[in-house]
Amino acid sequence: MRNRQSSMIVLALAIFLIIIIYFFQSEALFGPMSNTSMNRDQAQSQSEADQGERTATAEPLPIPELLEDTNPHPDQATFDIVSQNGSKTFVNDVETETMGYNGDYLGPVIRVRRGEEVTINVENQLEDELTTIHWHGLEVDGEADGGPHSGILSGETWSPTFTVDQPAATLWYHPHPEKNTGRQVYKGLAGLLFVEDEVSDQLAIPKTYGENDIPLIVQDKQFNADGRFNYHLAMPDIMTGLQGDTMLVNGSIDPYLEVNQEMIRLRILNGSNASIFELAFDSGITFHQIASDGGFLTEPVEMDQLRLGPSERAEILVDFSQVTKGEVVQLMNRNQSFMTFNVEGQAETAFTVPDSLTTIEPIEPSEAVRTRQFVFQGMGPSVNINGKQFDIDRIDETISLGDTEIWEVSNDSGMGMMGGTVHPFHAHGVQFQILDRDGRAPAPNERGWKDTFIVEPGETVRVIATFNSPGVFMYHCHILEHEDAGMMGQFEVK
Ligand code: C2O
Ligand code: CU
Ligand code: CU
């Protein structure tokens with residue numbers, strides 16, 4: 001009897017402990033972490049932010065340059081990109097080692113047009129280190145896609161050519177070397193890729209790059225007490241992926257942007273390795289989402305909060321004409337301000353929110369020739385899809401070119417209280433339409449083209465796509481540490 005009682009107590013204690021551990025893990029899962037992992041300055045600036053007192057105007061928002069197209073031919077474009085080592089000061093006047101495209105951190109915006117034949121020369125100047133460059137969201141052949149098969153050795157150049165044939169969209173590019181993607185992206189290798197077309201030409205929305213059409217690459221980082229950042233995986237990052245307590249926008253901490261009292265378009269990329277952002281403006285002002293990963297929605301969706309998983313993009317219109325001149329509007333992630341808009345000038349433009357944006361033909365489930373299942377499973381080093389970890393010599397799924405298929409993606413990594421992990425699913429070379437989430441119609445802002453979508457613990461998301469690009473492509477979890485650990489597979493379209 002005694003024994004029985006004490007073992008019951010031990011068991012209860014153990015369960016209690018497990019719950020506590022899971023609680024802290026899921027806390028970390030939701031972005032910026034508890035104060036324990038911050039240095040004093042960060043903790044202080046965070047508490048200032050929490051009190052909403054800071055009009056912090058550290059530095060103006062850096063705007064990545066638009067990369068020059070060096071090809072004079074109107075239907076062709078040529079771009080030159082160099083992956084390189086660099087250094088940059090983020091905090092405490094300390095220089096830290098970084099990586100960038102054509103610079104020290106992040107890269108220029110590559111802007112292409114539908115119908116254009118594009119060549120991009122990518123030179124790897126990284127010291128002794130292989131890289132690749134992947135055009136995330138671009139519908140091109142496997143040969144040009146830049147996945148793990150397209151390694152560029154240090155000192156070499158890779159020059160894919162492809163024809164752009166998809167609607168206007170905000171896409172992005174980043175490295176994709178096997179088992180080393182998380183580190184290279186974390187160090188700074190990422191940039192935006194805009195596709196423009198007749199629809200984006202004709203829409204009456206802000207489109208003056210850097211003035212009223214503003215890119216926001218949002219990331220979170222962990223800084224050491226000395227102001228450096230390392231890529232070092234400890235607990236809980238091994239489980240959750242690398243999450244930070246300091247937000248960067250276009251590589252800058254807490255920047256400001258001066259805007260006029262008018263409509264501004266923001267092209268937002270969640271460029272984090274592993275965090276889900278919940279973005280909102282402090283004053284509670286609403287905004288309209290006009291585009292998702294693969295292009296414009298059919299009509300603007302009014303929102304007061306935007307949830308973006310790693311690698312998801314959203315374009316939003318924010319109407320600063322409703323804000324008094326001289327006021328400051330803060331952009332927040334889960335109640336932490338990380339950027340301010342200083343509303344300074346009179347309106348110079350008079351954009352309103354359009355009633356409609358584009359047309360999207362819904363792909364009918366009856367057109368699908370088959371349904372494939374993908375199940376996210378495992379934790380930490382054992383993360384996998386359908387029980388298999390990545391093997392570059394194995395093709396997991398074979399698809400006939402031109403076929404329409406339904407993909408049913410579920411997340412088997414535990415639920416609720418027991419600290420299940422959210423996994424964002426992504427596939428290369430294709431844009432999906434979301435059919436349903438656990439049988440329910442997707443939210444209005446998820447009714448456009450998607451190449452990456454969140455799958456909640458216990459959830460099943462059904463998506464549909466037509467596979468028009470031939471070649472070998474990746475599908476994976478876009479928590480980069482999960483991808484690197486093997487939560488990735490390959491499909492061949494032929
Ligand atoms: Cu952002 Cu495999 O991709
Ligand atoms: Cu991709
Ligand atoms: Cu994952």
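In case you wondered, yes, glycine gets a Cβ from its N, Cα and C as well.
What TrEMBL says about this protein:
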type     : residues : note
COMPBIAS : 37-49    : compositional bias 'Polar residues'
DOMAIN   : 89-198   : domain 'Plastocyanin-like'
DOMAIN   : 215-325  : domain 'Plastocyanin-like'
DOMAIN   : 380-494  : domain 'Plastocyanin-like'
REGION   : 37-56    : region 'Disordered'
Practice item. Please work out the helix, strand and coil residue numbers for the domain 'Plastocyanin-like' (215-325) from the DSSP assignment. Key: 7 helix, 55 strand, 49 coil
Check your understanding: Can you tell me the mean pLDDT for the domain 'Plastocyanin-like' (215-325)?
Key -> 95
Check your understanding: For the domain 'Plastocyanin-like' (89-198), DSSP counts of helix, strand and coil?
Key -> 12 helix, 44 strand, 54 coil
